[in-house]
Amino acid sequence: MSPQTETKASVGFKAGVKDYRLTYYTPEYETKDTDILAAFRVSPQPGVPPEEAGAAVAAESSTGTWTTVWTDGLTSLDRYKGRCYHIEPVPGEDSQWICYVAYPLDLFEEGSVTNMFTSIVGNVFGFKALRALRLEDLRIPPTYSKTFQGPPHGIQVERDKLNKYGRPLLGCTIKPKLGLSAKNYGRACYECLRGGLDFTKDDENVNSQPFMRWRDRFVFCAEAIYKSQAETGEIKGHYLNATAGTCEEMMKRAVFARELGVPIVMHDYLTGGFTANTTLAHYCRDNGLLLHIHRAMHAVIDRQKNHGMHFRVLAKALRMSGGDHIHAGTVVGKLEGEREITLGFVDLLRDDFIEKDRARGIFFTQDWVSMPGVIPVASGGIHVWHMPALTEIFGDDSVLQFGGGTLGHPWGNAPGAAANRVALEACVQARNEGRDLAREGNEIIRAACKWSPELAAACEVWKAIKFEFAPVDTID
């Protein structure tokens, strides 16, 4: 940082460039149960000591600015300031540190993810004294989490609404994602639902384009839901994407979905924004709608290891803002997702209490104090050969979503859905019999092919499809 340059006014006021360490680096501080705790990966500029960098992060994300100001004397900075209370080097890195910052609860508006992020991941990420900055994790105290509604319904309520127990749920994103007419789109939904899937889904960028306006899509998809329910005797759903250019338009679409009597709507929570998402989540709880969340834009924020924000933080924020499902990677598919890291934030989405576990990237113990859980959705480049691994990795409380892995079946959409349903039922039965899905998965799928020609055809098509790239974001 710049050297201390001070001038003394006649009343004793000192102005100049601050040395942040003097005020915001407090290694003796004992954190409170009510503090929001943050773990930042800090990469200082050459010549900036880690204590100064960590203190600068604490200052610029709470009460501080670059100089001393007159109005500092009009409040209690000790009560409101963030504190960098611990620093540790990142293993294998010469110029990176994990800096732990504690924020007093009074800095944040109740029930507002928007306000929380505006402070913690605001202007500080452009601070010149840092080459890079990444928020790795947050500890949300029960005192603060209790000010949020959280998911509209949660895992158990969703199962009760759908009357589906003891297995993962199956979904399919309709493809091509853009260009279909509303009627053809609804036809594809019907075929997939009739074939055995629980859900079909709007792609994240399907909103209301010239080739398919939202109201037409909603009507044809509702027809597909009711027709497939009548034929199969199962409750079905389609994630109707309510994301829009304004909150008012988003709510108009959600209201129309409720009037159609469908069970679930959808929102792109990062591009749509946390304020819009929380508004929609409150409406969904009040009106009995499930809420599916897509994380479009997340990789812009979370994929680089040195800068941005880890997805586990975005996952916690979503649980607070509200959503019943969220896309969470696949481990085995085409999208980024290292196994232990993915399992770490899957637990943060579903469980009531999660212990600190650095081996899975969890920096803090998190107690959600009975806030409803969120179902993780595995989607992206998966097919029937992945079913044993997905069932073993994600367990029953998950949605396994096959887009191309359903619609790419050589015999059509309904046979593609049937192949996925047979593969899932075979894996669940084998698991319940005590078989090892990780070791015997391929054998289980081959055995099921003998009595399901649809599955046999799918296995032949996708037998050589793999996405074998090393993940970018890994445990240190």
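Backbone N, Cα and C define each Cβ position, glycine as well.
Copied over from Swiss-Prot:
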ACT_SITE  Lys175  active site, proton acceptor
ACT_SITE  His294  active site, proton acceptor
BINDING   Asn123, Thr173, Lys177, Arg295, His327, Ser379  substrate binding site
BINDING   Lys201, Asp203, Glu204  Mg(2+) binding site
MOD_RES   Pro3  N-acetylproline
MOD_RES   Lys14  N6,N6,N6-trimethyllysine
MOD_RES   Lys201  N6-carboxylysine
SITE      Lys334  site 'Transition state stabilizer'
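This view paints the features noted in Swiss-Prot onto the structure.
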residue	record	contacts (Cβ under 8 Å, 6+ apart)
Asn123	substrate binding site	Glu60
Thr173	substrate binding site	Thr200, Lys201, Asp202, Asp203, Ser379, Gln401, Gly403
Lys175	active site, proton acceptor	Asp203, Gly403, Gly404, Leu407
Glu204	Mg(2+) binding site	Asn241, Thr243, Asp268, Thr271, His294, Ala296
Arg295	substrate binding site	Asp268, Tyr269, Leu270, Phe311, Leu314, Leu318, Ile326, His327
Subject >> Largest separation between Cα atoms (Å) of residues that the record links to substrate, namely Asn123, Thr173, Lys177, Arg295, His327, Ser379 >> reply: 37
Original post:
Cβ within 8 Å of the Mg(2+) site's Cβ centroid: which residues qualify beyond Lys201, Asp203, Glu204?
Top reply: Thr173, Ile174, Lys177, Asp202, Asn205, Val206, Tyr239, Asn241, Met266, His294
Subject >> CB within-chain contacts under 8 A for Lys177 (substrate binding site), separation at least 6 >> reply: Asp203, Asn205, Val206
Original post:
Which has the fewest other Cβ atoms within 10 Å: Lys201, His294, His327, the recorded positions listed?
Top reply: His327
Original post:
CB neighbours of Ser379 (substrate binding site) within 10 A?
Top reply: 24
Original post:
Over all shown protein chains, what is the count of other CB atoms within 10 A of the CB belonging to Asp203 (Mg(2+) binding site)?
Top reply: 18
**OP:** With H, G and I counted as helix, E and B as strand and the rest as coil, say where DSSP puts His294 (active site, proton acceptor).
**Re:** strand
